[in-house]
Amino acid sequence: MTKTVPPKTPAYEDTVGCQIALFEWAESYDTKDWGRLAKCIAPTLRIDYRNVIGKLWEAMPADEFLAMASSEKFLGNARIKTQHFVGAGKLVQTHEDRITGYHQMRVAHQRYSDDALTEVLYTGHGHGKATVQFCLVDGVWKFAGLEPEIRWAENDLEKIFE
């Protein structure tokens, strides 16, 4: 049973654990390393993409999240390159095994016209914040949810995933 605690700053070790999970998530997205992504995510995730594609999943199983992220219609498309740059952030511990992170984000995107990645078709960059959920699973902090908030975008962000 999860014990509720008043929101507080997490202990140093817990903060580092969440930073590791966040780094692994971002790097796995950008390198398209789906095995690496599988290792850093929780068994169930809360994915709130209402701000991006109008959808919310309160409890998405890890295998469905992996399938969505690696889909040809999303980040699995070899012609799409990204960099998920995480800026300043703060962490709040809401339960003994739950932490919420609030992070500045800039996500750069390029879509290429060919498989050899010789010609950039579109570029688009999103700027804003991500609310990230973390949960403790067998003593390891895992990426457990995401809610991006795009405050503004550059270039043709809306065309990247067409």
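Heads up, the Cβ atoms here are built off N, Cα and C, so glycines get one too.
Owing to the predicted nature of the structure, the values given are computational and were not obtained by experimental measurement.
Annotated in Swiss-Prot:
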- His84: active site (ACT_SITE)
- His109: active site (ACT_SITE)
- Tyr29, Tyr49: substrate binding site (BINDING)
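Positions of Swiss-Prot features highlighted on the structure.
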| residue | record | Cβ neighbours (10 Å) |
| --- | --- | --- |
| Tyr29 | substrate binding site | 20 |
| Tyr49 | substrate binding site | 14 |
| His84 | active site | 22 |
| His109 | active site | 23 |
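For His109 (active site), the recorded positions whose C-alpha atoms fall inside a 10 Å radius of its own C-alpha are His84, out of Tyr29, Tyr49, His84. Under the DSSP three-state reduction, Tyr29 (substrate binding site) is assigned to helix. Distance from the CA of Tyr49 (substrate binding site) to the CA of His84 (active site) is 16 Å.
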